[in-house]
Amino acid sequence: MSIASTSVIQIIPRTRRGVELFLLLIAVGVSVAAYVNIGITAEEGVPASTGLYAAGIGLLALIAHLALRFRAPYADPVILPCAVLLNGLGVAMIHRIDLGLTAIGRTKGVPFAPQQITWTAVGVVGFLAVIIVIRDHRRLQAFTYTLGLAGLVLLVLPLVPGIGANVNGAPIWIRVAGMSFQPGEFAKVCLVIFFAGYLVVKRDVLTLAGRRFLGLDLPRARDLGPILIAWLVSLGVLVFESDLGSSLLFFGLFLFLLYVSTERAGWLIIGGVLFAGGAYFAYATFGHVHRRVTDWLDPWAIDGGQVKLGLMGQAWGGILGRGLGQGHPEATLYANSDMIISSMAEELGLTGLIAIILIYTLIIERGLRTALGCRDIFGKLIATGLAMSFALQVFVIVGGVTGLIPLTGLATPFMALGGTSLVANWAIIALLLRISDQARRPQTPAAPVSDETIAMAVQKQ
Amino acid sequence: MNSAIRRLAVAAIILMLALMANSTYLQAFRANEINGRNDNNRVRDSQFSVNRGPILIGSTPVAQSKPSNDRFKYQRTYPSGPVYAPVTGFYSYRFGRGGIELTMNSELNGSDPSMAFRRIIDVISNRPQQGGSVTLTLNAAAQQAAYKGLGSKTGAVVAIEPKTGKILAMATTPSYDPNRLASHDSAKVDAAWKSLTEDKDRPLSNRAAQELYPPGSTFKLVTAAAALSSGKYTPETKVNSPAELVLPQTTVPLVNEDGKNCGGSNNATLTVALRYSCNTAYGSVGLALGPDALREQAAKFGFGARPLAELPSVATSQFPGDPNEPQTAQSAIGQFDVRATPLQMAMVAAGIANKGEVMKPYLVQNVKTPDLKTVSETKPESLHQAVTPQVASQLTAMMVDVVNNGTGKPGQISGVQVAGKTGTAQTAKDRPPFAWFTAFAPADDPKIAVAVLIEKADIARDDIAGGKLAAPIAKSVMEAVLGQ
């Protein structure tokens, strides 16, 4: 390990696919155990659908694993099992909430779990597509502006009359052929690639120091254009789509990538000031933003408010949780989507919640590790952007649900009910794995090294 | 570039740590506060799903949870609902709790800190939370006799074991059936609640402890105690007892119940005055002692302090703050602004019975875990030495005389010497007076002290006198205990 952390180039080229398979078994095992547990506590014993559920999630994990084995053998072995575990637990919890909703007679749309399993399958198909079609992430650089445009179009799509749909107070959905999508989830991926491609080209200019202020090198005023545009776009998202979470996410991503590509902390300061100003402006001007803040400051004031109900669920969960199937997560509004973390905290307790946050942390840090190891700047920036999009998204939604920050409508990656988010997240980790394969692959195309010869080589040292 | 990425990695970890720290604060440290909120349906629902412990008399449950297969896992049932309702209280989803169900809630549902260890074991071994049991001091025979004796009358009975302060009976009528409020059928519960709260006879009120009444002549015991304790009187001291006592500062005289003088004498002894319950005699004693002496004596019996923390909203009995002379005379015979609960008057009798020592009354004998380990056991506790043992025995003799020769004759029990005092408190002219009887037995070794109040009965006004109406009930309650 010390070799890896001091010099990122000298990674011993081992595929680690066996490790991944082992971790996947654990991930699938835990998910199936959760499903069975729910059956025992909330239904009449081990559910008959256990076999189907286990086979489904096991098969999807195996397919993803085989795709990596053949198409990206050097990919990071930890990321996929983490994603499978979160996805599996999410489906189990959605199933559990289906039972709870049925019990209290709120059966509209129930059951949701089969939908989520279907979308997981679509997500894995997307994962395969990314792994198979994109053989080298550097080719994406050619599509920098195309993807940038696509990202913008996806962002404004919900505002187009006829297909835009207002769900739960935020017009961030579109309806096509009777199905709802949140295009923002894909816009995120497109924009990360766009930011990366753009910054690879412009970083030299943006690195040029301007005025020095309080020991920080601020950029030149005329280079402020891009950050101002990003700021305005994210503000536009906030104003026209009432989507605080996405707004923060896009602007944050741009800022982080700007910082990584230029290594100028001054950008973070400027961005931070812009963000604070924009946030205050929104707070002072828009009722829905103002309400989110007052809800956050005093969640107890609103009768039946989702944050309040969620906090009660979390408190009820306590340190060890009520146990799967033994709480009342269905008592919280949007228990299976926005508030799924609260449902998890109620039934799995603080212990389970911290475990889940740690799994997210693993994905984030493995993603950033991939960025460190990546040999090209474009790949570094994409990996950083994707990993940090996870970090921001998890922080914003989990922080909102647990009362740390005002609640904003971002999807909890891999767990929350919702097809678009699931498919987008599977695409994101596929991209991350593609880049990590590139990063960990031996530099000169050599004959595949077996684990045995590596062991011998290590012994010789 | 990599150093910037490393810094972002650290920043991401800080963000995640912030989430964990916040959730730790919420779920580990603030959980109790949030769980205790009134609007927390989860906690209420789950408490309804807990196997709540029984409320017992001896080993017989008067409130217990039975498995149920509707919305909740358990249904609270009250086997002889209305008889014990003023003590057990009720356990309702919509309308909260009352009585022991309210005050001993955490013990009954097992969440009390005293049961924390067991709860941890339950959590680890994945057993469902189970509540502890609460055993009451009530005596089933006495309680049944009290409730039966009250019958269709409006009133209350309290019986106390004088040596310990154990409450042996606490009945009130009209009562209500707590099963109606504990039902899981919310429409039925709503209807029951509406009819109970709108009933002008207020069946939800525990008249034995939550309502104040003028104690009338039973308060003469307190006046007599003050007189004997002052050292200026003995039971044979003759006092002014005319048919009409002219009071200072007013033209309205104090009269005796029958409009005559006291047992044929204008100077009756304290004993004779108590025997015939002469208002003029005790009025003049009260005037001579002054309000402060009366108030102090009353306080020693428990007036002015809230007894019985085990029940909610128990009323505090009062002696008026600063009465003028006619008001003092009225107060000395339990009129004017003197107010007492039946519980308080039972404490007066119990104090006299227990050689002048008033024991703190209590209802909960012990609390046990589901596996029958005792969590707490109530020990008798002295409240005050209200009078000296000599004064107590003088008062006992006077009360024996009341039962043997005076107004308390209906309280006699064959073979057992009863000591007692009747009372008939006037309030308004158009409203029937309150009939009281307070007594204890056997007089030489008291096992039970009892106070009976009848607020309203469907009989002619003439018949309302403590002796006729209340004493037979007291008698049957005492017999129930002594007969065992």
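Cβ atoms are placed via backbone N, Cα and C, with glycine included.
Remember, predicted model here, so these are calculated numbers, not experimental data.
According to TrEMBL, the protein carries these features:
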TRANSMEM  A:21-40  transmembrane segment
TRANSMEM  A:46-66  transmembrane segment
TRANSMEM  A:78-97  transmembrane segment
TRANSMEM  A:117-135  transmembrane segment
TRANSMEM  A:142-164  transmembrane segment
TRANSMEM  A:184-201  transmembrane segment
TRANSMEM  A:221-238  transmembrane segment
TRANSMEM  A:244-260  transmembrane segment
TRANSMEM  A:267-286  transmembrane segment
TRANSMEM  A:348-365  transmembrane segment
TRANSMEM  A:377-405  transmembrane segment
TRANSMEM  A:411-433  transmembrane segment
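Segment contact is absent for the transmembrane segment (A:21-40) and the transmembrane segment (A:411-433), given fewer than three CB pairs below 8 angstroms at sequence separation of 6 or more. Among the stretches A:221-238, A:348-365, A:411-433, the one making the largest number of Cβ pairs under 8 Å with the transmembrane segment (A:117-135) is A:411-433. Among residues of the same chain six or more beyond the transmembrane segment (A:377-405), those with a C-beta under 8 A of the stretch's C-beta atoms are 137-138, 140-141, 188-189, 192-193, 195-197, 199-200, 203, 245, 248-249, 252-253, 256-257, 260-261, 296, 299, 307, 310-311, 314, 338-339, 341-342, 345, 357, 360, 363-368, 370-371, 411-413, 416, 428, 431-432, 435-436, 438-439. For the transmembrane segment (A:348-365), the residues of the chain that approach it from at least six positions outside its boundaries are 78-79, 82-83, 85-86, 89, 314, 317-322, 324, 341, 387-388, 390-391, 394, 398, 413, 415, 429, judged by C-beta separation under 8 angstroms. Beyond the transmembrane segment (A:78-97), the same-chain residues lying 6 or more positions past its ends with a Cβ under 8 Å from any Cβ of the stretch are 20, 23-24, 26-28, 30-32, 34-35, 38, 42, 53, 57, 60-61, 64-65, 68, 111-113, 116-117, 120, 123, 324-325, 329-330, 335-336, 340, 343-344, 347, 356, 359-360, 362-363, 366-367, 412-417, 422, 425-426, 429, 432-433, 436. Remote same-chain partners of the transmembrane segment (A:411-433), defined as residues 6 or more beyond its termini with a Cβ less than 8 Å from a stretch Cβ, comprise 68, 72, 75-76, 79-80, 83, 86-87, 89-90, 93-94, 112, 115-116, 118-120, 122-124, 126-131, 134, 137, 179-183, 185-186, 188-189, 336-338, 340-341, 344, 356, 360, 363, 366-367, 370, 382-383, 386-387, 389-390, 393-394, 397-398. Tertiary neighbourhood of the transmembrane segment (A:221-238): same-chain residues 152, 155, 184, 198, 202, 205-206, 208, 210, 244, 246-248, 250-251, 254-255, 258, 267, 270-271, 274-275, 278, 281-282, 286, 289, selected by CB-CB distance under 8 Å and a gap of 6+ residues from either end. Here the transmembrane segment (A:46-66) has Cβ contacts under 8 Å with residues 17, 20-21, 24, 27-28, 31-32, 35-36, 38-40, 80-81, 84, 87-88, 91, 117, 120-121, 124, 127-128 of the same chain, all six or more residues outside its ends.
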